[in-house]
Structure formats: C-alpha cells, structure tokens
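The annotation Mg(2+) binding site is assigned in TrEMBL to B:Asp462, B:Asp468, B:Glu471, B:Glu472. The domain 'TRNA-binding' annotation in TrEMBL covers B:40-155. Look at TrEMBL and you will find B:409-484 tagged as domain 'B5'. Residues or ranges marked as domain 'FDX-ACB' by TrEMBL: B:710-802.
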Amino acid sequence: MEQQLNQLKEEALGAIRSADSVRSLNDIRVKYLGKKGPITDLLKGMGKLPAEERPKMGALVNEVRGKVTEVLEARMAVLEEEAVSRKLEAEAIDVTLPGTPAGTGNHHPLTRIVEEIEDFFISMGYEVAEGPEVEKDYYNFEALNLPKGHPARDMQDSFYITEDVLLRTHTSPVQARTMEAKEGQPFRIICPGKVYRRDNDDATHSHQFTQIEGLVVGENIRMSDLKGTLDRFAKKMFGEEREIRLRPSYFPFTEPSVEMDISCFKCGGEGCNVCKGTGWIEILGAGMVHPNVLRMGGYDPDVMSGFAFGMGPERIAMLKYGIDDIRHFYTDDVRFIAQFHRAEG
Amino acid sequence: MKVSLNWLNDYVDIGEVSPAELAEKITRSGIEVDAVDDRSEGLKNIVVGYVLECSKHPQADKLNVCRVDVGEEAPVQIICGAPNVAAGQHVVVARPGARLPGGIKIKKAKLRGEESHGMICSLQELGFDGKVVPKAYADGIYVLPESAEPGSDALAILGLDDTVLELDLTPNRADALSMLGVAYEAGAILSQEVKLPDTSHGETGDPASGMLNLRIDAPEANPLYGAKVVRNVKVGESPDWLKARLMAAGVRPLNNIVDVTNYVLIEYGQPLHAFDYDRLGTGEIVVRHAGEGETIVTLDGAERKLQPHHLLITNGREPVAIAGVMGGANSEVHDGTTSVVIEAAWFDPASVRRTSRELGLRSDASTRFEKGVDPNRVLAAGERAAALMEELAGGEVMAGTVLFDELDKEPVRVTVSPDFINERLGMKIPFEDMEKILGRLQFPYEAVNGLFVIDAPTRRGDIAIPEDIVEEIARLYGYDEIPKTLPVAESIPGGLNPYQAKRRVVRRFLEGAGLYQAITYSLTSEKEAQKFALDTAPVTKLLMPMSEERSTLRQSLLPHLLEAATYNTARQAGSVALYETGSVFLAEGADGLPVEVEHAAAVITGDWSGSEWQGSKRPVDFYAVKGIVEGMLDLLGLTGRLSFRKGEMAGLHPGRTADVLLDGERVGIIGQLHPSEQKARDLKDTVVMELNLEEVLRKENEPLLYRPVPKFPSVSRDVALVVTKPTESGTLESAIRSSAGNLLKEVRVFDVYEGDKMEEGMKSIAFSLTYQDPEHTLTDEEVTEVHHRVIEALEAEGAKVRS
Ligand SMILES: [Zn+2]
C-alpha cells in the first residue's frame, strides 16, 4: 500500500508539473484530491487494515495529500498569475491616443483682464459698480465737469440717440451715479464696462471697447494714495519688478491729472519695440477728483477728496499678450479666444 | 504744435540743454513731446551753388546741363531735370558724397552721356513736406536769395540746422499753441526769463481812424476788436528766415503780408487777419451776425451758407470774413495790394467753435479762438504784425489802433494755502520751494497770512481754482517726488455683490460646459435689431449712425453670435460653441433711457461632446442645450422653479423650440435654428438659447442648508409606458409626482422608443422611480401601494403600462 501511495504521489506531482492552465490543474485537483479520487479511496480503505498499521498509514496518506495539495496550490498560484498577466496584456490600450475631451470652453481675454483687475481692487476693499451703457448726457458729461460746449466733448466723438441720451463714451458716468447713490459716504469702487465712440474700426480703434475705472472718495484722500495704489496695481498686474512714473496730463474730471507709465516689462527699461525705445509704457490716466465733480455728486470738496483712474482692458491685453490688432477682440474667432484658457504663473 | 528750437531760443535761453533732454523735461512736467525731429539728420555736404550757365541736354529734352559755382576754383557740371532751373539762380547743391533724407547718397554720375557732379535739390528732396513748400517751388528746385554765398552750408539758410519738437497738447494747455506760451513753459522748467518780441514800429502822422470806421453789433461774441492800417506795402516773397520758420511750424509761405499774420499767430497764439484795404472798399468794418440765407466765398474758394448765429466781419455791406474762422476771397491780400487792415480781435470761444463745426471748417485761427486766446495779448500781436510789415514789406503804419474794447482782461485771483497743497499731494514741500516754483511760472503772487494770493496770468486760461495751483506746484516740483501711500481710512469691505458673483458662476459654468465666451457689438442694423428678441419692443436708433450696419441697438444677442458662428465654421472644420453675456436694449423706460437688460445667449453648431475616434461624437441637438440651461439654473439653486413648454419664434424650428419658464414666467428660449435660417447662414444643425440673465440672477434662491444624508435605503421601481406620440414626458412626470406623495424621491426618464416595433402613432417612455422614507426602511407592501397609485394616475392620463 505504501508503494501504491508513493506511486500515486509521483503520478500526481508529475501531472501537476505538466499542467499548463488553471483549468487542467483544477481537473487534477478533482482527480487526485476529490471525494472520488484515489487518495480519498485509500483513506476509505484504511478500515480494512490491521489496527496497528492504521496510524502509520493514516499519517502517510495525510503526508501525501499534504504534499500534493501544497505543490498543487503553488502551481495554481503561478498559473493564476500567468493567467492574469495574459488577460492584462490582452487588455492593453494605446495610451497615446487622445483623451476623451472634457469641456474646453474658456473666457474671452477681455473678461480675463477685467476680472484680474476687479479681483485686485476687491482685495483692496473696492466694490464693483456698474451702470447703463446708454446714458444721459448729464451723467456722461455734465456731472463730470464737461458742460455743454466744452471742447473735450465733441459731438463727432459720441453716438447720440436723442439730444440728451447717448451711448456712454467712458465708464465715468458710473462714478457720477455712485456718488449720488452713496449720499456723501466714503466709498471705493471699480467700474468695468463697455463704452462707445465714433471711430472707424481699424487695427487700433474700435467703435465699441471696454474701460475699467476706479474711484475712491473719502476724507483726506491724497495724491500719494493714488500713486501708492497704482504702484501696487502695476506690480500685481505686470510683475513685482515694475516701476511706475506719473506724467502730468489733462482730464476735465480730475485736477491734477496724470498719466501713468510702467517700466517696460519686455526690456525692463532698456528700450525695445514694445516701449518704442523709451523704456516706459503708458498704461492709464488718473488724477484727483475735480472739486466740481465732487460738488455735483453731493460731496463737499472742502471736507472730502478723492482719486480716480481709468484704463482700457484692450490696451492692457494687447500689451500683456502681444496682440497686434484690436479687432481680434470683437471678431470672436475661436482660434483667438481659445488661446486664453490657461492659468499663468 | 511744432516748435522750432532755433525760434524758441529767441524768447528763452535754452542754453546747453540738448533737444532730447529738453523734450524729456517738457514731457515730464506737463506737455507731452511726441517727436524730436532733428531736421539736419541724414543731411551732409549740402552747399549753396550759383548757376553760371544752363543749357538743354543734347540727348534728353527734359534735362538741363548746368555749370554751377560751388565755391571752388572751377565750376562743376550738374545735370538737372527741374523745369524751373535757370542761369543766375542761387540753388541748393548736394555734392558727391552728400546724404539726403531717406539714406540717399549722392555720387558722381553720367546721365545720358553727360557727367553730373551732384544734384540741385528741391525742398522735398531735402525732407520738407510738400504741403509746406511755397507754391512757386512746389514742382521744381528751390531758389535761394542772392546773398547766399556759393560753397557755404545751405542748411542754415533753409533753417535745417534746427530741431523741431512736436507737442501733443491737451485741451487745457491752449497757451502752448504759441511760441511764447512754450517759452513760458520752458522758462519755468529751466528757470529762465522770457524775452518778449519787439513790437515797436514807426507811425505816420495820420491816424488809422481817419481811414477806417469800426462798429461792433455783437459785443458778446466780439468784445474786443483792434484794427491797424498799414499803407504802401510791397507784397512779395518773405525773407528766408521767415519762410524757414513757417515751414518748420508746418505752414506754407505765401507772401510777406500773409506770412507775417501767420508768423505772429504762431508766435503769440493770436490769430490775425489781413484785409486788402482797397478791396474792402468801404473804409468800414462792421461785425455782426449773419442774415438769413447769407453766403460768403471763403479764401479756399468754397461758398459757405451761413446761419443767423454765425458771426461775420463785413465791410458794412457784405461779409468779408467769418469771424475767427476764415477770411473771404473778396478782401484777400494779393500781389497788387498796397494798403492792409490788420485785424486783432477776441471772439467768443463757444461761438467760434460752433460756427467752425457747423461749417465743417477748421483753421489755425478757429483752433485757437475756440480754446480761448489771451485777452492781454490781442493788441500786442497787432502791433507786432504792424512792426513786421513795416520791416519786411516796407509798409507805413498809420497812427493808433481803431478799437472796440469791452473785454474783461483782469486775471483770475486764486487763493490757496501751502497746507492745502501739501495735504492734497500727501507731501511736505517747503514754503520757499513753492514760492520758487510760482516765480519760475511767472505767476504774480503775494503771501498773505501764510496764504498764496495768486493773480493767474491771463495767458494761462486753465488756472482758476486752488487745485490748479496744486497741479502747477506738483508738476514742476516733480511727480517723482510724491511718496507712495495707501488711503488711510476706515476700511470698507469690498467684493462682488450677489448678482455679480452669480454672473461669474454662470460664465464659468458655460465655459466648463465647453462654450467659448464671445463679445460682440451692441450696435447692429435696424433690420437685425429685433431678430430673435425675447420680447418685442420699439428699437433704439442712433441720431447719426456711421453706417446702417451699426445704426440700432440690439434686442437679442443671437444675431451677432450666429454671425460669429458662421465666421468660425467658414474658417475651420468641426463645431463651434459660443456664449455671450451682454445687454440688450428695449423700449424707452421711464427715465428717458432705453430699458437695458442683461442677457445670456449661446450658439452651438456642428458636433457637440464625445470623442471622434471613439465614435461617440454626436451632432448637437436640442437636449444638449437644454441640459446646459438646466445645469446652469441648478447651479443657481433654481431647479425646482424651472420648467419648459413648447415655444415658437421666427427663425427657429417650429417643432424644436421651447420656452424656458422660471416660476411660470417666460425668461428665455431654446431652439434649433430653422432649416432655412441654417441654410442662409451656411450652418449645419445649430441650437441656440437666450435667457434674460438679469431676471434669472435677480431671483433669490433658498438658503443653502444641510439636509441629513438618508439613513435608510431607497427602493427603485421602473415603469414602461405606451403613449400616443404627442404625449409629453413632462405631463407624465407631473402625473407621477402628484400621485406619488412624499415617498417619491426621484423620477428619471431612462428610455424613449419610437421605432417600428411600436404600434402606429404610439411611443414608449420608461421611467425609473425612486422611493425612500427618511424614518425607516420601506417594506415591499408600502412601495407597491404607492406605485399602484402612480400607475393608476398614469393610466388616467391615457398611458398603457407595458409588460
Ligand atoms: Zn521695452
């Protein structure tokens, strides 16, 4: 019987070694270790043995079964792993094929610039104020120290709808409206919006364009506050290493009035094509709110003062991104807009 | 304003300051210098030549062979093609090795077999703008005066040894529209005195008033009129220095009389006019408003129809000039003029501005009058012109000035404290430094009780209030000196208001959904203005549009968005998805302004979503856009208040259009473009939507509060229904919701089938219903009971439950 057992063991182990699939190995398991298998038969036949041989044979059978099971499990593990590998291999994909597109739209570059400016000034405690694009002459001109007949409000430059209503030529009427609404209280606002002027559309002119203006009114607002504010804005928008300079200028609604230049972000001030060799780039106009404007807005210029500034997001976008033609902003060519999707930094 | 530095140096000592440096200083302290034009740049080896002989070129009709004395021992031969070249002329010669503007180099050359040692130059070849070249030399070479020494440098005679600064003047600095004004500015910057021009001249024994009567019928529009009479003038060419200065300033020399008036205009900023006394004919000047239907032929030969508010200079019978704008042809100075009336007057700026604009006639005179000329310089300019006519045209100045003068010439008094100046600037400029700056500006002032009491010179019409003095002090002290501070005040919280914040949410959502933001024009044609408008309203039109295309304010964002879609599809393959938020303009509101409403619109054409190589790419359909609208309103917390119903709009597919309702009110539309509209716009299947964004964003939503996450499981039951084709799923869904009660958590359509396996005219819709009770696990019986009710309700709607 012992011999029979050993032969059975060798036979089983041989079969296990030559098994090449999980399935054939399972067949082997059933064949040798199953309820109807030879080992089970041998165990069942133990009763026929003399009592003294039984323990020895029992141990022997268990040993053979244990060995066969062990080898079979080990082989099974190998074959299973091979099977998984084959499956994974079969499932392999071409990872260089394009991904399924996620939503791919993005904002317009002007919105990008406007929101960047809004967010900076919001962080400095400004509210965002808006107003109508079709305005009364009063808010667009008169309340801004541009009485009728003033040389700076040439009829040729504006789109009038009636004698007293026009498409606003700047976002400044929002300043006048805000002063009225705030009823003498101090405030800080930033006003973005569309404006319209009688210009033929070409590479540098557009009859519709965007402006963003800021206005701070309070007690003892100084020109140095304007300069400090603009300096931080320039550094935030164009880089920490930017310097600003103020040049005298003229706007009817501010006195003194200035234009702000920043040191060229392309050449750093050496002179290049962006700054036309000067090292400086004109960015915005600003000034201390004219006392007439404060007065008309219901503020006593002896008690309150303020500063205002205004700029063109188109110009800033053109400078920042190197865009050469203002008409790109209004052609809505997706090949243009889609370039402004990604984060910077 | 073009400023010749040679000329400027007559009034203020520029000293060793280089033109570039001066330009920078002027720019930094107040007036932008646009260009620094070194007129000698690129010019070399250009000398005076004297034409000894001139004969026709033997081989070429249009060429002349000239022998020219260029100051060397032997004359040189130069071939010249100018029609006006002749022996006995002093001319400008570019010698071999010379350089001309544009990098042209002159070399010895052979022209049709004849040697040419240089070139005889026209003014244009020397870099002069053709518009300023005297007419006599416009088509040929320039002829120098006899005094010019052959071989000497020609540049000085032509005024090309000069630098011209081009000033870009802001409207407030009309004072710098004159050489004297610029001199005061430069003087203030460089701390230099200003020397005024010489206005002295001789006078005849006879008074001017003996020859000329003056009457002003419109003293408000013309409060000051001075007339000088100069007799026995000889009209001719002006001397070279005068011509050179006029050309440097951009003015074409004409004759000595007109040139003098132009010269003094540039020098003083005071426009003058010279009348031919004899042509005036009446010995009288009457200034009055035009009569009804009156006309005048101006110097430029055009007949001008006048209106009763236009101010005229007349000879008592007929107009001889439009006051402050342009002279008349009938009284123009000509070669035979012997007596001249010089007009030096002050006209009301608003009147001149209006007249000039209405007549479409701008001149150097009107440009200055409409900004206001210095009342205290008017008569001085007249004297200066008389002096120059005496000097240059041999005229005799009649004694005195025929004068009408009611003009207020008092300076404006401005009182300002040094503290105020420093407070406004956020600076600590010492009192003495402020005094020095006022001195440099030549502003007469007194310091009274620590206050500056300043009499602002009338030449600076822009100085009227303390803030103006703040600016003067600051700009000359230097804006670089202003420190950088931030407002010291109670800090106010900033931020977006809920409307603005939600608008950003909407934009980000639409972009995340795959749409690109467009910005289109608000102005469109009248024909397009009302297309796709959600509500019909009268259009808002411009009074004077630049074109019909941009004449009317839009009432829908879609026409321009569709144009953009067509533009894009014409330029690239595939699909386009655009959205825009912007205003539309409806009928006039209560305050006289149009009602301006912010809308959001989207256009999707071609394929939408999916992946091409995976075969999942699909053309856009109604439901894609509806999904976007639903997603957007869900993000705004308005899902439960949103509904849809079949809609209609011209230009949209009648079977594929829906109204978008919020709280039962129509706030927008979704639809596929009508096939004929698609064809006309050259678009594939295109679905659009437009919402009254303002209405949507103004809706307040429920506060965002946590709801307990369900502790007990939900149970799903599906029901497939057979209904007639026109039955809307919305109707069935309403029946489900109203019959199911509180236990129903969700209803979802998961299948719609209209294929040939269905009976004619029928379709199948399958819903998945989810039931849940927050308090306990639902039993089968509980669910079945509710579900039965639902099925009964559906059957009542005519639906058959499919087995
Ligand atoms: Zn640069």
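Each Cβ is built from the backbone N, Cα and C atoms, and glycine gets one as well.
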The one of B:Asp468, B:Glu471, B:Glu472 whose CB sees the fewest other CB atoms within 10 Å, among these binding-site residues: B:Asp468
Residues in the domain 'FDX-ACB' (B:710-802) grouped by DSSP into helix, strand and remaining coil: 32 helix, 32 strand, 29 coil
B:Asp462 (Mg(2+) binding site), number of other Cβ atoms within 10 Å: 18
DSSP-assigned states of the domain 'TRNA-binding' (B:40-155) in counts, ordered helix, strand, coil: 6 helix, 48 strand, 62 coil
Helix, strand and coil counts within the domain 'B5' (B:409-484) (DSSP): 33 helix, 15 strand, 28 coil
